[in-house]
């Protein structure tokens with residue numbers, strides 16, 4: 001049985017804490033800006049549809065009747081296009097994850113991470129704020145920007161998981177990564193409150209606030225993040241070599257200055273593993289496919305929960321945004337508790353299986369939720385606990401386990417590549433789910449739009 005988490009915490013230094021916090025808040029800011037799009041869909045849909053249609057003036061062409069910013073004839077068409085943007089984002093995000101994971105194992109993780117954060121912030125500013133200020137409305141521009149956004153955002157997750165894997169060994173990883181993986185849910189909560197607080201001024205200001213904060217975070221990470229213990233100094237003055245499951249984890253610890261002398265050179269850096277080699281590692285394919293199914297459900301809540309609450313129950317958009325955070329609260333608790341349980345058991349699969357089995361009942365229960373905000377919040381938190389918890393574990397702790405497993409024996413670098421494969425396959429599943437649910441409607445309304453214009 002693994003040692004207690006409290007005992008494990010005593011071996012960590014302030015360098016570990018800084019790495020934990022900087023990677024945590026990097027993804028918090030990324031998810032906050034990503035969640036903004038979900039939280040303002042009602043406002044965007046209203047902006048893209050005509051507010052007044054003059055049926056008594058048949059002599060005028062539709063272009064003269066509609067406002068210049070109206071891309072679609074009705075709210076349903078606008079909603080379907082927003083759903084198509086979600087699918088476009090997820091597919092480009094998935095492709096980017098496969099690429100960025102490989103790049104992350106070959107290029108300095110800090111450079112890749114900051115490029116993704118700052119580049120994505122700039123694209124979201126153009127998409128949500130600049131186009132509205134300049135009154136530029138074009139579906140091809142929106143699609144192109146969202147493809148680029150997906151590619152840029154994909155650079156972040158493999159990098160932050162790899163940095164965490166460099167700093168934290170397998171002992172207590174379930175609890176530490178379970179706590180750390182709350183970054184996505186915390187980002188969703190932050191994004192929901194930021195969007196709802198400025199939504200009265202226009203949806204473009206929600207994009208403005210989150211993109212500026214994300215860009216600033218990227219700058220801080222660039223100057224403050226150390227991607228591994230090897231960057232603490234050119235030589236390891238006082239390094240404790242901890243052997244955990246036959247994988248060497250280097251921990252900076254000034255209390256043990258006699259372990260290695262300053263004049264000893266660093267060991268040669270491990271070589272990066274190939275993409276196909278990473279795919280064939282034990283456990284990578286099964287967990288990738290499982291995560292594809294799980295992320296399909298998880299991202300349906302992520303993309304559409306505020307929209308669903310507003311339209312199905314008639315609640316105001318700001319109220320729906322705030323209520324939706326209970327799903328993320330459940331995910332935060334679920335990831336931490338289930339990670340701790342998996343550490344105590346020494347196994348992760350049984351915890352995931354039980355949670356997902358119970359999640360089926362929770363989904364049925366939530367689908368029958370009455371028009372009561374308190375009951376809805378309780379059911380949302382329960383569903384988030386049972387779905388968000390396993391999702392956080394697979395994408396973080398289990399990905400780190402797979403990228404540092406015994407088959408590699410520390411001789412090859414695979415953490416970012418494996419993380420990209422697992423999360424990329426999950427994103428393909430989520431994107432496919434979006435398209436399958438509404439394929440006929442997407443196709444019909446896209447043809448109607450193209451024929452009209």
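Just so you know, glycine gets a Cβ as well, placed from its N, Cα and C.
When the ranges 34-55, 56-77, 78-99 are checked against TrEMBL, the one recorded as transmembrane segment is 78-99. Within the listed segments 12-30, 240-258, TrEMBL records transmembrane segment for the stretch 12-30. Checking the ranges 284-305, 416-437 against TrEMBL, the transmembrane segment annotation falls on 284-305. Counting only same-chain residues 6+ beyond the ends of the transmembrane segment (325-344), those with a CB under 8 A from a CB of the stretch are 1-2, 5, 172-179, 181-182, 184-186, 188-189, 192-193, 301, 305, 351-352, 355, 376-378, 380-393, 396-397. Of the two recorded stretches, the transmembrane segment (139-163) lies close to the transmembrane segment (12-30), with three or more CB pairs under 8 Å once pairs fewer than 6 apart in sequence are set aside.
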